[in-house]
Amino acid sequence: MDDTQDLVQIGENRFISKTTVLSHLKTYNLYYEGQNLQLRHREEEGELIVEGLLNIFWGLRRPIRLQMQDDHERIRPPPSSTSWHSGCNLDSQGSPNSTDGQQTTQQSPPTVEVTPPESQPEDNGVTEEEIEEDSESSTQLLRTKSDAGVLRRGQRRSPSDQRKIRRHRFSINGHFYNHKTAVFTPAYGSVTNVRINSCMTTPQVLRVLLNKFKIENSPDDFALYLVHASGERVKLKRTDYPLVLRIMQGPCEQVCKVFLMEEDLGEEVTYDVAQYIKFEMPVLQSFITKLKEEEDREVQKLRRRYNYLRCIIEKKLSCFPEGATCM
């Protein structure tokens, strides 16, 4: 019982001593001193639990599907008379810079739909500031601009709030995606992070990552890989514990990184094969030529050996009389 408490599980039927993990954890935290990537640890009933942020690099080749709306996005009601009235009331109540003659109380739809002719010159002066906003949002909001639309949109949120909403809805790590189809392909090698602990297996870590970005794909479609600088690539099993394995690999991401890849497209690369990956084609061709020459030499050795044995056998056979038979 005491032996199991001194061990930390890193996979199915795979354990490592708690002392070794704590030693690597100390080195890990020293490397990230003063950064939010430092890990914390505690013990519960003799079990060591490590928690903190884990950096995961995107290595996807196919697009991923994102939810059209998330929990933080305001859900817009369908267009109807009721929703139009409620939108007008919000605009009239929340716009302190309304034109003269308009009251801050509830107003009927016709008073908001029709823009007074006297306010047009003032609107023209304001549109110079809105040109930059429209140019930024033109790629996302493909809608014809009208006076009523400007009145409702411009007075509902400030420009800074609109930019925050656009960043929240249309990008991941600053990379824009198609909002109509909700399809997105993260840039290869870009990094993100998730907060996990050492008790979470690979599927659980994948689920946390997908929920963070509201990805609709199933966790079974993806896998985590340990990619080394040498080119070696090791796939984490479903029963592995990624955070502990990351600690054991060391803190430097120039040596080893955790990549998210497709389950069916990713492939493991052994250390022996990885030694030749980064060589140029002429160098690899020279290796093949030398191997071919070595193969030819071995073939010649075998031929000479068997020719020699054949000569000995034929000489022995020639010594027998013609009528003699072999028993």
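Cβ from N, Cα, C; glycine included.
Feature list (source: TrEMBL):
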COMPBIAS  81-110  compositional bias 'Polar residues'
COMPBIAS  125-136  compositional bias 'Acidic residues'
DOMAIN    177-265  domain 'Ras-associating'
DOMAIN    273-320  domain 'SARAH'
REGION    73-165  region 'Disordered'
| query | How many of the residues that make up the domain 'SARAH' (273-320) does DSSP mark as helix, as strand and as coil? | reply | 40 helix, 0 strand, 8 coil
| When the domain 'Ras-associating' (177-265) is classified with DSSP, how many of its residues are helical, how many are strand and how many are coil? | 22 helix, 28 strand, 39 coil
| field | Stretch-averaged pLDDT - the domain 'Ras-associating' (177-265) | value | 89
